[in-house]
Every structure is written in C-alpha cells, then in structure tokens.
C-alpha cells in the first residue's frame, strides 16, 4: 500500500475527529436545547404592529393559553402586521411552535420568521437556504412545530403573517424552544486590532483550528493574520463581502500553485449580521467553513509545515513588516467566541493577559448599525415620499444593492420648469434622464456593473442651471442645461417603482420596478425617517419590507453543475453551460453519449467521439476513438505505443516504463466498468531476459495496472494462473517453465498476448530488471486499451404481471436528479418507477397508450408533466424516457417529441426528500404495475442492474428480446436485422454493402483488361449440394425478374459495365456506347434482336459518379439514372432468362454471341470505378473483394478495392489509380485474355511484365540485405550497437516484424 495514501487517510481521520470535537464544544448543550423560552416572559417582552383590542394584545400570544381573547390579533389583517418577542438576551432557538386564536376562526396559514440582536435590522430565517415562509395552522387549536436547522442565535424574534384563514382574521399563539447561549464579544472600530502571543511549545506546526463569529460594518477588512520570517502566512480577509482564506508556504513574491491556498467562501457577509467561521488545518488538509458552507482543500507539494511566528493578530496586521506587502484594511465590527486552538482569545483580553496586546480602542459590547434598510420585494414595490415644493433646488441621495441590472430607482416631477426626472438602473449602469416639453430627453450615464449585489451610493441634485449625479463618489462627466428658471420639486418622490395608474400618478417606469435594498434615503439633505413610514405617519408604500435587507446570493452555493457559470437576478439564478459539455437549466445533463455502443445505435460510423461514462455524474467527458464493427470497440490511447528496447538493467537499476492515457484514471475506470469486455495487448520480446527468478519465485519483470498493484501474469493469462499464454496452452519452449522468456535462450522469443482482466486494466507501468547480463535484452510494446459493449445499455428486465416489481435502495437526488430508461410494451398503462417520502414523491408512468406522465412533489404541492404522442407508445417498440428535476425546473422528454418543462416556484421548497425503497415496474401497493420491458435504467448517471435483481424476483425475467423492431431501421441497403442476447446486428450477406449497418460502399477500381466473373451454375450447384453437370439443371435456372443496382465512374467509351449471359445465348448487357450514351440491351430470345434502351442525353463517360437502378418484372423494365431520369419500357424479345450462366463486370473474354455494340464494348472492357453492385440477392463485387464464405467468383487483371468518390475537377481515372489497396481476390485467373484483344492491350501487358520484373528485383535485394545483416550481427554480437535504426533492423529481421517497418520506435539505454 502506498504510504502517502496511508498518511493522507490518517490526516483526514484526525481532521474529522477534531471537527466533531470542536462542533460539540461550539454547540455547547445543543443536544439538550429544547426548553420553552416564551411562557415565562413578562408582558413587556411582547409587542406587535397593532392589536384588535386590549384583549387581543401581544401579551396573550402564549401557546396553549386562553388569557384575554385567546391570542394576538392585529387591528387590520394584512401582510404588514407582526408579533415580536424579546427573549431578554441572545438565546439559541432550536424550534418554534404556532397555534391559532383560542376558540375562534382566527389562525395563520403561513408566516415569516425574523430575528435580530437589537430589535432593528431584521434578518429572515430561511429553510433549505431558500424557503421564505413557514406553513402555519389549519385550525385554531392544533400546534404546528418546526425544528430550526441551523438554530437561531438572537434576542428578538418577529413573526410576520403572510396568509390566514380567509373566513377569519390573523390570530396567533406561539412558543419558541431553545437554551442559553454563551456569547463573549469584542468590538473593533476599524483602527484597532489584537495581537496574541503564545508559547511555542503549545502548538503544532502542522495543525491549526480557528473558530469565531463576526458581524461587520464594512465590506472589507482583515480578520486574522499570522506570518513567518520566510514569507509563510495564514490570512483571513473580508473582501467585498466575501471571505478569502490565504495560506502560503514560502516567499509570497514567489507564489506557486503548489504552495498557495486561496479559498473563497461566503457572500453578502457585510449585512451587519453574525456569521460563523471555522478553519481547520492538518498538514495538507484544510477545511474552511463559513456559516453552512464548507470547502475542503488538499494541498500539493511540500506543504505539511508552515514556518510561522508565535503570534497571531486579529482585526488587522499588527506587524506589517513581517507580512506580505499587500494593501489591507482593518476590520470594523464585532468578534464573538474567538478561539485559537482551543484558547478563548477574548477571554484573555478581558483578563488583561500579558499574552494579548490590544492596539487601538476595543469594547466588550457590539455597536449597533444606525442605518435602517428596506427591501423592495417585487417589481410592484414602491415608496412614495413627500418633498417640499419651496426649495430652490432638488437633491436626493441613497444607497442601494441589487442583483438586477435594470429597474426604476427614482422618479420626480418638476415644478416651474415643466418636466420630470427619471433615475434608472439600465444594463448595470445608472441613467438619469430629464424630460422637458418640446425638447429631446437629456441623459447622464454613470457607473458600471452596479447590479453586483454590493452597496452603491447615489446622489443627484438639480439647481437653477445645473443637473448632476454622483455614483460611489464619482461625479458624472456631463450635465444637461436646465435653463435660468428656478427648479422646484413636484412635491413627491417615487422610489423603486410607481403606483397603479388608477392612483392618478404621472410616474413612469420604462424598465420595470426595482428589486433590491435601499438605505440612508435623504431628500433635500434631510434623512427620511423610515420608522415613521413603517407606522404610516409618512408617505406611502407597497410590498416593502422595512428595517430589513432581504437580499440573498442565489449562486452560493453554486447550483450550476459541471463548471457552469452562475449569474443571478433578484428572484432567480441562471447557468451558462457554454463549453462545459453539459446542458439543462443547471448544466446537469451531458450532451454526449455514455459509450461507443450508444453512438453506434444512433447510426454513427467509426470516428472520434466524446463520451461521458457516468452521464450526469462528476466525471468530465473525454475524447476517444470508436471503431464501429459488428461490435462497437472503444479505443483509448496512451503515450507509449512505440516499441521500446531495454538493455543493461538489474534489480537496483530497473527500467520503468510509465504510460499516460488521454483520459484520467477515474474516467477510464468508468468506461471499463460499463464495458462487457476489455483487453490490452502487451507485446513482450526477450533474449536472455527472464520474467521470474526461478530460485525464489520472485518476479524479474512485472507490470502495474490501475489498482497500483504488481502483476506477474502476462498476455493471454489471468491473475489466478500467474503464467503466460504458452503456460496455459502447455506449449512453452521449455516445458518446466510457464513462460517462453524463462527458458533464458540466447535468441529472441516472446510472451505476447492480450490482458483481459478488467479490474487490473489499463496497464500504467512496466518494470524490467533482467537485461544486465551479456547479450541480454528485452523489448516491449503496449497497445491501446480496447473495450467493447455497454452492459448497462442492454441491461433489461421483463415484467410479466401487474403485481410484480423490482425494488432498489432509496433514490437520493435531493437537489438535482435525472432518470432515464427505455421501455416497450403492448399494455395500455402502467407505472415505470415510483419512490415515496413522507410527503414528497416521484412517479413516472404510462398514463395511457399515448401519454407518459412524470409526477412529483418536493413540498410545494404535486405537479404533473405529460408528453402526448400522435402515435401509440404501446407499439412494442423501444421508447426513450428522460426525466430531470432541479432547483430551476422539472422536465420530461420522450423520444424526439417536444419536451414538457415546469418551472420551479420562486423561493419554494427545493429538497426532494424520499425514504421508501425505489420501486421499478410497479408500486408499493402492487397496483397499476407495468407489463413489458424496461432497459438501461439510470439514475443520476448510475445504472441499476435490472437483470441481477430480476433473477430472484417472481414475475420478472432478466433480459428482453425484440430489439430489431426498433433498431432494424439502422440496417440499410438490404441488410437484415438479427437478434442477439444483448442487442442486435445487421446481416449484410445479401447486400452489396458492408459495415455494422450495411452502409459501407464496396467499390473497386478496374484496370484495363480486368474483370470480375460470377458463375451462376457453380453457385447453383453449391447451393443444391449437387455434382451433376450444369446441363442437367439448365432448365431450373430461369429468371422472370431481377433487380440491378450499381454506381460507376469512368472517362472511357465504349465500356462494358455489366453483362449477364445464359446457356441459350440470351443476355443482358449494360454498356457505354462509343458516343458516351448509356445503353441497356436485353435479349431474352436468341431468335430475336435485342431490345435496346438508350439514354443519350449526355455522355456518361464524363468522370462523374452515376447511379443506375434497373427493375424487370417479366417484360416490363423500369430504369432510373442518377435519381432524376426515369423510364419504363416493355420488352419484345421475351419475358425470362433461361439457364442463366454468368455475370461479368468489366472485360469479357468471349463475346461471339452478342450484338456488335456489345461486342465492341466487351473488347474494351471497363476502366474506372464500380461500386455497390447488386444483382437481386447477389453482390458479385463484394464477393470478390470481401472475405467471407466461398463464392463462385473469378477475378482477372487489376481489380483493387477503392473509392468511387473523387473531388470535383479531377480526372476520375487518375484519382482511382492513386489508391494503393492490395489486389483482392476470389479465384485469381492468370490466363491472358488475348482472344479478341485490340492492339492497345499489348502496352498494358508490357507494363505488367515490367512491374513483375521490378518486384522480383526488389525481393532479391531485400533477401541479400537480410543475409548481410545476419552476418554483421553475428560478427558484432558482443558489442552493443549505438545506432537505433540498425539495432531495430536486427530485431525486425530476427522476429520478422514486417508490420512495424517505418515506425518511430525507441531504444532505452542505461
């Protein structure tokens, strides 16, 4: 086992234990923190926005009490009412309970819970970090409890009713539960700091645990800093409301990614509320926690030790000379419960410990914020404030923060100077527009990126002849001229939005209302009293939350998966999935398939593809090659594909070859796990180089796989045998050994084969130690990792009864979930899948023959999405279903039908909480079960093994046949779909095409004088298994119909394309006449002249590719040329062929019984390219060129497999001759076709003779060279040549590695 991994595991365990212990310390008695806190409070601790009567006052709002009218009720029931509790001091609140008014119809059905330390600047408690409201009561007497996770630490609580019984009014009785909370605080004013010096023996240099809570008045500041003499440091800094943890080992000016930790957590931390921080460092492991968000970091390189001074500063950098020279700002705010490695730092300050130095002013009570924020909750929110009309100028200022890039900030009408002022947020910029009658609007634009969630200050003023706006202290560059008139306000300022037009307002908001927070609102240099606004004594408002800023960061945590970029507005977030390889609202779903098998069954050809083996899982997609044969092979390459020769090694000076793959080991493992079979060829040559030490059995050479374990079995063997191929087969050179190399011969031998034990693949390393003796040498070459099949893709189960189902563990897809599968059925309906929780659930079902439905509930009430099809789903064909649910939306996709999408409710429940087993093919009630097949069921990218579970489940069978019904359409050009136990294949035996889908065109270049002859009488005798002479069955070989298809390209005329003959001098010839026209000549009666079908529209010998299709049904012939010329003709010479003899492509050797035009074309033959020749069920060209069962075909002359496709503008014949495929076969006929040859053939024959002589000379030269090299090797065997090429030539000549000639191979020397 790797010692580094052991150490890492130990460090993680220690870090986990320290986390648990510290959490217990920090929580105090949280496990016993459920005491009622309200029942014993005095009446003065209760307050409210209003009360219906003195007997409905807030003091009567205690749970289960009947005092007064039996609870609190406000004067008016609206959403601006509240009930407030003062707990007397900060307490930890762990749960709340509500009840309606006793004996009444008054109860609250939903409410908000707010909390505060001072009774000002309230913060809303949110469930699941996004739920705004709590569900309340359904009657007056029942009690509804809510456990608060996390708990609240606060003095004041405020209940704000949102909805209530529509037949009654607001009525509440409440109780809160919790316990006392230990709070030790210190307030730093932005100029002060603490310096803590400690005993060097009390600390470990590799371990730090720091915990604290803070509440800040500013968005920037140093919370803690510890540095060392060499530049090592730990710094926790607040920047723009986010916390940055910086840990550096070494000179900060020479930082590198291996030594610098820069972790960022939190957002909007400058909200003047408490936030908790926990930092844990143990060696290279770092945990950083802010509130409920945690990040873990594992440092690389030498990071275990930090050289730090024995002092740490809080609130600033107390010794700047020792720190990094970076600009910094002191912390302004309050620290609470500050512990450094278990030491109460604030307690030491209170005790005036000499270990603590306080610089500046510090106090032990927290100063409270003076500003009062307000929240514009919706686009309909607005605040209307009065302004004096007697002022000679207009001025207004405020601060705002928002995520929106557009919205109305301020509107005001002008007096005297008619017109209006409009202050907008537009595209993140501030735009001030002055409207005056008869004039074009005047604009001032200021600021940029103002929708970033930060506080921004705005000040505008309008005087007699000047208009200006200041944003964050920057004055606008230009101001429009107002004129000499005095400027007065119209008496009203509209902030954030406009009332409805029915109120008579002239306010306008072209970009919609503002959603965000404002504070420090000032009009004409007078601060607005928002308490008076809240009490209704000043101005007017709608849909505001006063004394609270309700902004939240919807991108924390980032719900965009797989590296998607998160952006947000006030009410939602958006994910940019560009260049991630994923799609969907949260970048959850991969755009790539999970295997080559999946690509193949979409009809794709061989090529490079991205695959994503775990689908929506964490692994990224990677590029590989898919070789689409009858089976889809996945080819994964590495960097060591060259032959490597090794010399001069021994046990202390071993050669180690390391292989790096184009994918990570995790990605490779996922691909291997999906595959049915994987293999990797390891070619190993040896000469006096042993694999095993025969004395003690220890290995002399070995390889390592992804398990990082030493493997001593070799290609063709398995781990249980620890042998080579020859050892398994019993044919090793020396029978006493299990490998050829162990014979230790002074000549080259090999132990080569395929490694196929999936759990050990791929090979990552090979080690060789036994090439140190004289004449000792080894060579190896590792092939790519090859995998075939996709087990989950075909993993299926057949459900035979409605009461049967498969059950699996609970599906965990709390925030993001996807389910995909194939189904086929003839049933009318049935449930595919169901998983239940207490109230939450998911269900996917066939609702009707044309409807698939996805139902779910995550706490916001049940939703249904249905996809309707114009055709039936119960057609016994495979249909693909994909369901996804995330924080943004839910979607249902079936086949290629339009998807159904349901947006998630804003600020609704987001956690899918399930606890039952997952039922597949049925339900827990055993009703509405599915009848049919389910295949390739995957949940969040993880496949469920349906077949394994089906083998032990009554009413369910593993597997499902009948794939051709759905995938048979992939078999093209007459290929037949054939079933396999897992999948299907295309039988191309009767097609002129080849390949996995019968789509690979079989083409050939015909040289001058060449031909392919298919003999029907031999085929007949083979098929009938008869030995009679052909004449005995001439009468049986009759054709009343045939179908002929082929393509050709040539520049020669005349030419013979195809000729079919019979023993009775009947024939069909397809020729290009001397004038370039295409002629089809049928002679079905030897006593009649042939019927000629001629196409002389243009020359067909034009070097272009032409397609011919001929169908004959007795005397009727239909001809199609190039898919645009069609003709139908009736023959006069007969209706059938009698005693069919042969079919010829190219030149005919005998043509005495044909007409003159055919004879002329036959003498010239065909020079060019023929492709995809099909004669009924016979493919003569394919039979000649492709390996397969014996066929009655004869090839003469130069016929080579080629391609008929050529770039436009090139000479067709010359293009064809550039192909260098070896001549292919059938039965080669070496007879010289000279009987009726024309004079031009002599040149061809001469050329062929010259080529043969040249080949013989080359073979002789090679033989002489090999003989010379053998002699040279024997003379210099004791001396190792330094020349790589000559050394490899020796190895190749001895091993006859002809296929390796010309490869860029390597040689390794020690």
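Cβ atoms here come from the backbone N, Cα and C positions, even for glycine.
The transmembrane segment annotation in Swiss-Prot falls on one of the ranges 1202-1222, 1223-1243, 1244-1264, namely 1244-1264. Using a Cβ-Cβ cut-off under 8 Å and counting only residues 6 or more beyond its ends in the same chain, the domain 'EGF-like 1' (551-588) has close neighbours at 126, 130, 266-268, 271, 293, 375, 401-405, 453, 515-517, 610, 612, 616, 618, 620-621, 815-816, 818, 884, 886-889, 891, 906-907. Where the domain 'F5/8 type C' (33-179) meets the stretches 400-529, 795-960, 1048-1204, the count of C-beta pairs under 8 angstroms peaks at 795-960. With the fewest other Cβ atoms inside 10 Å of its Cβ, the least crowded of the disulfide-bonded residues 964, 1204 in this structure is 964. Across the domain 'EGF-like 1' (551-588), the DSSP tally of helix, strand and coil residues reads 0 helix, 10 strand, 28 coil. When the C-alpha distances from residue 964 (disulfide bond) to the recorded positions 262, 576, 639, 1204 are tabulated, the minimum falls on 1204.
A 10 Å cutoff on Cβ-Cβ distances gives residue 639 (N-linked glycosylation site) a total of 10 other Cβ atoms nearby, all chains included. With respect to their backbone Cα atoms, residue 517 (disulfide bond) and residue 540 (N-linked glycosylation site) stand 17 Å from each other. For the pair residue 933 (disulfide bond) and residue 334 (disulfide bond), the Cα-Cα distance reads 64 Å. Cα-Cα distance from residue 971 (disulfide bond) to residue 998 (disulfide bond): 6 Å (rounded to the nearest whole number).
Between residue 1169 (disulfide bond) and residue 1075 (N-linked glycosylation site), the C-alpha separation comes to 20 Å.
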